[in-house]
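Feature annotations, reproduced from Swiss-Prot:
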REGION    1-267  region 'Amidoligase domain'
BINDING   S13, K188, T189, K190, P191, T192, Q193, K224  UTP binding site
DOMAIN    293-535  domain 'Glutamine amidotransferase type-1'
ACT_SITE  C382  active site, nucleophile
Amino acid sequence: MTKFIFVTGGVVSSLGKGITAASLGRLLKDRGLKVTIQKFDPYLNVDPGTMSPYQHGEVFVTDDGAETDLDLGHYERFIDINLNKYSNVTAGKVYSHVLKKERRGDYLGGTVQVIPHITNEIKERLLLAGESTNADVVITEIGGTTGDIESLPFLEAIRQIRSDLGRENVMYVHCTLLPYIKAAGEMKTKPTQHSVKELRGLGIQPDLIVVRTEYEMTQDLKDKIALFCDIKKESVIECRDADSLYEIPLQLSKQNMDDIVIQRLQLNAKYETQLDEWKHLLNTVNNLDGKITIGLVGKYVSLQDAYLSVVESLKHAGYPFKKDVVVKWIDSSEVNDDNVEAYLSDVDGILVPGGFGFRASEGKIAAIRYARENNIPFFGICLGMQLATVEFARHVLGYEGAHSAELDPSTPYPIIDLLPEQKDIEDLGGTLRLGLYPCHIKEGTLAEKIYNKNDIEERHRHRYEFNNEFREQLESNGMVFSGTSPDGRLVEIIEIPKNDFFIACQFHPEFLSRPNRPQPIFKSFVEAALNYQQK
């Protein structure tokens with residue numbers, strides 16, 4: 001039977017519940033268990049797809065096309081698994097589904113209430129995460145902080161699930177903060193005690209407490225927390241601030257967290273703790289020699305979480321070369337043809353990531369032109385690819401006013417446009433090309449050299465496509481369309497062979513990068529930047 005672990009947080013937000021959950025998932029996976037992981041978000045948006053990146057950070061896309069919380073990116077990268085649409089459940093999605101059922105008459109005229117209707121819907125989605133993956137263990141992070149009014153239906157649902165499935169199949173992990181009071185020169189357990197008291201007031205007794213702390217905890221502090229929170233002493237786990245996130249699984253393993261969980265849930269682990277690969281990764285991260293600077297030209301750079309997976313993928317790509325990839329954040333709204341050199345003359349490579357909307361697009365086009373004309377390694381993603389074709393049409397073909405129909409509907413040269421079947425759809429939600437799609441790579445191209453194969457699958461999140469009416473003109477002037485959909489209709493990868501490294505893709509390769517297995521285009525881009533630096 002599938003076992004369920006719930007990770008809650010108390011005292012303050014941003015404690016690292018997601019990293020704790022992901023680290024535990026990694027430890028259990030390395031013991032030979034099949035793990036999946038899930039995030040409950042208490043906000044009322046159906047999904048983050050139409051939320052501002054300034055509010056929410058990046059939207060992480062799963063293989064099956066779900067637009068989800070950026071924490072799912074951490075989960076996938078840490079545990080090295082591919083998640084699905086059941087891995088992100090929002091209050092908006094739950095309420096929306098219940099209200100649709102009510103309108104259809106599924107409740108036979110009954111009064112629809114938070115208990116049992118909302119809580120039952122939450123429990124159903126919890127069970128689907130396990131059923132859809134055939135997992136041994138489902139780890140579920142509850143967003144927000146214990147005591148938040150928005151989280152109450154989720155906490156009630158996970159309280160009920162213990163009675164539904166049996167105590168031996170459910171475990172509660174609570175993350176808290178141990179603040180250091182400088183004036184007193186000591187750490188205080190009282191916030192943790194009150195947080196657990198709040199949780200117990202909701203009917204949930206933690207089995208394990210993970211304490212976020214700046215300094216090493218004494219045994220006396222652990223004993224005190226165990227006494228007042230009614231748990232075993234060994235179930236108080238210290239999670240100290242670390243220079244690298246990759247240290248956290250090792251910290252938790254050293255305190256036997258995986259053994260405690262396996263014993264408590266009576267799991268059948270196939271192996272003893274195996275962390276050699278993880279230790280090798282951490283050793284690499286801690287011993288990087290030199291740096292590579294990548295200029296990231298985007299419109300949301302004031303909130304760097306908007307490009308979280310891109311930055312992580314760049315970091316991963318530096319590890320095989322023992323290099324620290326440093327991102328120079330460049331606000332594309334401030335860039336133009338006159339000042340672009342001042343922004344980009346000191347970088348080793350230029351990356352233009354995805355985005356939506358007209359604002360700041362001209363700055364991105366200026367950066368792309370600078371990369372192309374000065375033979376600086378360039379990598380464009382999604383909108384970055386679309387604008388690379390626009391820049392080429394304007395400055396190589398001389399198509400003045402060329403643009404994307406998304407950004408300038410009146411352009412005389414719509415290099416990027418909607419597919420014909422999309423033109424009558426008005427709602428923004430649910431109209432994107434989302435999820436994993438196949439791509440065929442042309443022989444003898446840079447893309448083939450990068451992937452070392454001709455058929456790949458990558459995740460997408462876009463609405464507009466390259467307009468094939470202009471394909472022949474761009475090709476005859478030196479642009480190569482090296483990757484397309486299998487039927488040849490949709491452009492997926494473009495490159496300019498005249499340059500040492502100029503490639504852009506319609507898909508989002510950052511969603512499939514792993515710390516120990518960098519995504520191929522990112523790895524090749526960083527290698528090209530290193531070669532450029534050494535010229």
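Cβ coordinates come from backbone N, Cα and C, glycine included.
Taking the features listed in Swiss-Prot, we show where each one sits on the structure.
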residue: S13; record: UTP binding site; Cβ within 10 Å: 11
residue: K188; record: UTP binding site; Cβ within 10 Å: 14
residue: T189; record: UTP binding site; Cβ within 10 Å: 22
residue: K190; record: UTP binding site; Cβ within 10 Å: 12
residue: P191; record: UTP binding site; Cβ within 10 Å: 15
residue: T192; record: UTP binding site; Cβ within 10 Å: 27
residue: Q193; record: UTP binding site; Cβ within 10 Å: 16
residue: K224; record: UTP binding site; Cβ within 10 Å: 18
residue: C382; record: active site, nucleophile; Cβ within 10 Å: 23
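Averaged across the domain 'Glutamine amidotransferase type-1' (293-535), pLDDT in this predicted model comes to 93. In this entry, UTP is bound by S13, K188, T189, K190, P191, T192, Q193, K224, whose most widely separated C-alpha atoms sit 23 angstrom apart. Here C382 (active site, nucleophile) is positioned 45 angstrom away from T192 (UTP binding site), judged by their C-alpha atoms.
In this structure, P191 (UTP binding site) is part of a helix by DSSP. The CA atom of Q193 (UTP binding site) is located 48 Å away from the CA atom of C382 (active site, nucleophile). Checking each of the binding-site residues S13, K188, K190, P191, K224 against C382 (active site, nucleophile) by C-alpha distance, the shortest gap belongs to S13.
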